[in-house]
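Working notes, beginning with the structure itself.
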């Protein structure tokens, strides 16, 4: 969802734009929909932790038809990370599909902000492979049709993989503990694999402080949240204990101290060992 210099360990809770009220119109990003997110959290920081061959090993070619790998990117912002993930996973070397050894990748990318979605559509370098839509993933009624319509194009009922990159905090702050649990229940039901980048608790405090600086009301749920503390561990607990998933791999932490956690639905057949990143750093503590 939104420099290239490593952030200090004092853990700048969010990047400069996210913590500087002057960088945004007041209240302009209550859902993390920052207009220039990737300038401060560049895609490369995530990509260096994710093995390029990951999707090929999780979803090897099967049969002559080689149906495409289907992915859902929740909270895609203006699409920079979506496009970077697509190119990163397409080929381990030069961004070109190796014919005969890999499957096509099709991504449905959604965000709650129509302005960011329009920017993503206009700037998309892979329009045949990436579809951008405006969608509130927490709206149980409005999400049904676009998700099922995309899947039905390929004769599928679930995605192969769902990406939730730095979105859990915004769901949590805007919808409370119940909303976070409902979100995790829903996305885990949609896929075989789930890649989550949870924001740590210090980011919650920074988001609340930013609203106070802007003279706005605090997030309605912030002070009443019972799920708090080590958010990576909390999300692991919810997904593994309540929603039939298992933690398959932690690929390490970004320079802004967010872990990349890959979960696998327990009913999913494990095809090959998950490759580790050559730059793997730390786990969830």
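Note: Cβ is positioned from N, Cα and C throughout, glycine not excepted.
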Practice problem: Let me know which member of 77, 122, 218 Swiss-Prot also records as binding S-adenosyl-L-methionine at the site of 46, 111, 136, 137, 165. | Solution: 77
Quiz item: Can you tell which of 46, 77, 136 has the most other C-beta atoms within 10 Å, given these are the binding-site residues?
Solution: 77
